[in-house]
Amino acid sequence: MAEESLLPSHTEDVSASPNKSSSLLSEISNASTRPFVLAFTVGSCGALSFGCIVGYTAPTQSSIMKDLNLSIADFSFFGSILTVGLILGALICGKLADLVGRVYTIWITNILVLIGWLAIAFAKDVRLLDLGRLLQGISVGISSYLGPIYISELAPRNLRGAASSLMQLFVGVGLSAFYALGTAVAWRSLAILGSIPSLVVLPLLFFIPESPRWLAKVGREKEVEGVLLNLRGAKSDVSDEAATILEYTKHVEQQDVDSRGFFKLFQRKYALPLTIGVVLISMPQLGGLNGYTFYTDTIFTSTGVSSDVGFILTSIVQMSGGVLGVLFVDISGRRSLLLVSQAGMFLGCLATAISFFLQKNNCWETGTPIMALISVMVYFGSYGLGMGPIPWIIASEIYPVDVKGAAGTVCNLFTSISSWLVTYSFNFLLQWSSTGTFMMFATVMGLGFVFTAKLVPETKGKSLEEIQSAFTDSTPEDSTIF
């Protein structure tokens, strides 16, 4: 089947430029249907819950250790078992989402989160505490990839980036909220508060639609157009969009009729998108994100910065970067924001390394704390701008529906392992060399900048089928996505 019969031509976007503003307003209006708003709310609550889970341990460490008489080793295990859960969740996320669908998988993740928070809130010893944290990790390991996929498969092309970025922004909201609340709320009460997003989500799950692309994949073609009408509005003409989804799904199945299962992902034609997804999603972790997130207090204390001031300013800057990312992701594009974000994270790591070097050698003692604070703010602000949400957006866009589950498992597994490696080794690396540690992180972000500049395409304003076909079907002369 020729690519022209499957996808809208690229010249249509150019010739239609006089009507672009009215078209965008129309798509925004169409997207603002109740089912889409409810689906977006579900995704945002999931991201908020993720932030609450990540932000829980930092402000509660001393009180939990005191109340349950835990050793440092006990609490360290409680904190790190989240990563074990992430890895377990990553292993099953793709297969689960493909097997039972996006909505039923969201049911499972929210139930796991609720059980996890209740186990922590009512824990009398370390075993129930660890069980709760493990269940939360499994849930996050599944939902961190599922959330962006679900929203990208529902949203119109011109809103896909903004909707996914705004949803991911709620991770920062949850993280910042728990940092602040943890200083004033008892740890058991904080765990109860952490369950609120999941309690909000559960009744909404009865009213949100299943992904039309998953329905096409599992042979429920008759439901696709009805779901799209539900999402875009009853008066919308969704026949072309439905036809494109159904035809492209059939096209993919015909191409790979002899190739089934997980290892279908490892065909040569998927090598580039798989590499892009794995590298982009793992890069923040290998670039020091968990080191900065979990040990910010250590960084500030080591360089003479007030932890309270540092936490507040860093949270404000990260949220501001996230808001800017939401505003510009569908205007300037994913690739441009990624490059700016990676450059900023590189400079943040470099400045942190320099501040440690100056502090160690007793140089510029009055300016070193300011430089350290600014470097951390630059790092988190840059992360919020692009490297926080955009790798997940791109990963949700570039894989055809038949390998999306397997790709999610691989990407999620790599980022979970990367997260564990950095979290586990960070204190050892700081003991070896604080300056050297952040120079390593700066090197990773520098290489990431080059990788993005050379290999990552722009996906703004294109349908999912158009993006995926350009990766897997196009010859060099018609790869207009690059």
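Glycine is treated like the rest: Cβ placed from N, Cα and C.
Note: TrEMBL annotation is automatic and uncurated.
Copied from TrEMBL, the annotated features are:
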DOMAIN    35-460  domain 'Major facilitator superfamily (MFS) profile'
REGION    1-20  region 'Disordered'
TRANSMEM  36-58  transmembrane segment
TRANSMEM  70-92  transmembrane segment
TRANSMEM  104-122  transmembrane segment
TRANSMEM  134-151  transmembrane segment
TRANSMEM  163-181  transmembrane segment
TRANSMEM  187-208  transmembrane segment
TRANSMEM  270-289  transmembrane segment
TRANSMEM  309-329  transmembrane segment
TRANSMEM  336-358  transmembrane segment
TRANSMEM  370-394  transmembrane segment
TRANSMEM  406-426  transmembrane segment
TRANSMEM  438-456  transmembrane segment
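The stretch in closest packing with the transmembrane segment (187-208), judged by the count of Cβ pairs under 8 Å and taken from 70-92, 104-122, 163-181, 336-358, 406-426, is 104-122. Contacts between the transmembrane segment (134-151) and the transmembrane segment (309-329): absent, as fewer than 3 C-beta pairs lie under 8 angstroms at sequence separation of six or more.
Long-range Cβ contacts of the transmembrane segment (406-426) within its own chain (Cβ-Cβ under 8 Å, at least 6 residues beyond either end) map to 80, 83-84, 86-87, 89-95, 97, 141, 144-146, 149, 262, 264-265, 270, 273-274, 277-278, 281-282, 285-286, 288-291, 294-295, 395, 399, 437.
Summed and averaged per residue, pLDDT over the domain 'Major facilitator superfamily (MFS) profile' (35-460) gives 88.
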